[in-house]
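Below is one structure, written out as structure tokens, with a few remarks after it.
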Amino acid sequence: MRNYIVYSFFILCSVAAFMSACVNAESVKYQRYYADGSQVYKVHCQNCHMADGKGLAQLIPPLNDSTFLRTNRAKLACYIVYGLNDSIKINGIDYQFAMPAEKHLAPIDLAKVLTYITNSFGNKQGIFDVKEVDQNLNNCQ
Amino acid sequence: MKYNIKSCIPIFFVFIISACNNETKKLPILGQREPIEKIVNGKTVVDTIYQTIPNFSFMNQDSIIINNDSLSKSIYVADFFFTSCPSICPIMSKNMLSIYNKFKGNEEVKFLSHTIDPKHDTIPVLKKYATKLGVSSKQWHFLLGDKDTVYQLAKTGYMSFTAEDNKAPGGITHSGYFLLIDKEKRIRGAYDGTDETQVKQLMEDMDVLLNEYKTKN
């Protein structure tokens, strides 16, 4: 009986340790993506969308429309790489000026910057994995 | 009674300091200058000719001609930009907008944004840009002019820098300066339009400059 308790305790502990290591690895990856993403944002996005993500009047849209980001999640990488020429509706306002393409950004940088954007400015949508970006890029219209 | 006198001391200080500021603070006059001799009441005196903004005539977003005469009653802030500019222009527009909001409705203050991409920035494009930015054409003019004329004006008039460069984002490279021009068309200040502290300084200097005209009258 005593042995049984000791063994089960040991197994429980190791399972818990294993799981927490998993969670930590995930959250470490998220932290890394987010931190790197903020640097990519500074270089490639901040000039127009501003440090606070609020954009500029009705010329440049803000990045705080969580609903838009969620419903268009699969298109976000395409928007960055190929730019935007059509008008888009953000927070109920039509934005008509074109967004320039950022063709030189690698998928890993896109994943990082999208992780940063979708988890800043009031958004909280978790990690944007590089695999997801690769998949999305294949489906760009 | 004692209490009253003590509480007055800081107020005295404020008076002294503000009095000093009002009397002494004047903005410098920038640019080239050249001394000339002229005869006043039979005596030869030396006077200085300052660099002024050369006369220009451009169309604004409402297709109204704007020239030196239409700006004779106001001080103004000028910059050079283009609507499709992905680099420093949005932050410049944002900062210019905050200055505009401070001086909104003050007819003595105008804003001039010269497009340096006249091929793309036609009058309708400029009109749309101004409308979307939410500014009135009475105070903020987005000006369209012949490219060479505008580049020349930037270089010799405002001592600002613009050039075509295929490597730069948007195809044109330019400096992000805001230039403060007085009613006599002299340059009274140059500020980095992308730097918030310099933009704050510009707003303060505009008050100083407006004050110069108030004390003159």
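In case you wondered, yes, glycine gets a Cβ from its N, Cα and C as well.
Under the heading Cu cation binding site, TrEMBL lists B:Cys85, B:Cys89, B:His174. Listed in sequence order, B:Phe81, B:Phe82, B:Thr83 are the same-chain residues six or more apart from B:Cys89 (Cu cation binding site) with CB atoms under 8 A from its CB.
What TrEMBL lists as disulfide bond is B:Cys85-B:Cys89.
Classification of B:Cys89 (Cu cation binding site) by DSSP places it within a helix.
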